[in-house]
């Protein structure tokens, strides 16, 4: 029988000093016999996805106490990728994931907490906390802040839905008036919550459902809706229940590594492919699997992407549907149920809330359930009022979206495409693979051949696009932006948004060893591995080289003879200490970022740390 970790600091005469300090935090005598549950909150006023989380940790804490536990809350940092986008701030986004994981590990381990509730929401916070939870392997429940309502603007009597990307594209489009651009800007992000499309934050919160570590509805229930409050209350009760099952009944099935096993990672990736999730999820799932000691690799992602159809299409892949529409159609449980009917997921994986995922689907699938509470839960609708307050409205859709032929979520026979929403491409320019969000690629450019335009920083590429130096048929190459070369593996939302604003969204491609925002659409290929800074062939591409992209056949090819590439590689190596470094790039790299670069690995491995690179 495992011993409560907390008793290291709460039991025994030699721990009198520690108990004195615990008492100073408000603990009473009988509290020393209870499990201590850490609450990792990520409230910050910098991020709309987190601005409403301030009191939610204490909401969970009171529920933990009522269930018989002791709750202790702490905070992590949270970077807003949208605000950090397009300048040097983006260098810090991906590194913050590891910092968050470490912070959670430090707090939980230093204070010997028995279990953990993770209150996350946005891009790097959910992955960072997920990595920490799998590293610690103590009972955990995830509950996120929830999606933002979609923006809405009335143009000439017609209502249009908006999101953050619309504001970026409109601002760079010379055909959009200042008044129109300002109207879009003011309407694009109307409430608290993670950005309203299937961007990275919402993708990751959906994946925690598929992994079995969060409650049904976690990925899709709006931040503003009263129905989301119950998820926080349930999380408080549930964490005490599973904590006691582990420590008092020796039930290891509730531990995160027992739940997030290889099959669960396959389920999560199948969901990701089916809903056309952010390409960043590939990076984060690989990193999470590494922490869980699960042998889940790019080869598995490639295999799954070839066999799972795209049955849900959401912004930025379409302007018609946002997360509020996914919820109305049954949320993550509905997507997984359609995959289950197609025999494409494992129903026998455990979850924190149900013995198996299959049993959870039987209850929460709106197409088959007789539970009226479940049906009402998925009718939770946007309130249409600008607010930063959680649970502030209780609007309901008049009905559910159960149209599996032409609705937001479809069955396999009526899929948006029988090919999945994400794909791994291989070729001489990316021997270890690269990633494209096929759900956002127009059918007309699934096969594309173009000439390379070389940029060794995102800033230079943006300047060229805005100066109309990029033409139809060009493939914009942005290199030395990988985990080590950036460092920090910047997102490329501005270049792709500006290509769209210039009318080149279906006429150009972009290839980078950096990554893309979940808000990116178009023929945008990221994570090229090995990256240029590690000697990857993307560092050998020259201006006007021809590159052939074939998504249906999962290939990307630099049309340069092997002997020419070998000559270029030799010339690069001859540069000595300047080899595999950008030419004439002016960029300040802080000590913190240099430390990150020294330990980081390839995107093909999730950009996880490998301390052996600096150990002597």
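Glycine residues also receive a Cβ, built from the backbone N, Cα and C atoms like all the rest.
Checking the candidates 456, 471, 481, 491 against Swiss-Prot: the one annotated together with 81, 123, 124 at the Mg(2+) site is 491. Rounded to a whole number, the C-alpha distance linking residue 195 ([2Fe-2S] cluster binding site) with residue 123 (Mg(2+) binding site) is 10 angstrom.
The secondary structure of residue 491 (Mg(2+) binding site), as reduced to three states from DSSP, is extended strand. With a 10 A radius on its CB, residue 491 (Mg(2+) binding site) counts 32 other CB atoms from all the protein chains. Residue 122 ([2Fe-2S] cluster binding site) has its Cα within 10 Å of the Cα of these recorded positions: 81, taken from 81, 491, 517. Apart from 81, 123, 124, 491, the residues listed for Mg(2+), the same chain places the Cβ atoms of 79, 84, 90, 93, 94, 122, 200, 201, 280, 517 within 8 Å of the centroid of those Cβ atoms. Listed binding-site residues: 122, 195. The one with the lowest count of other Cβ atoms within 10 Å of its Cβ is 122.
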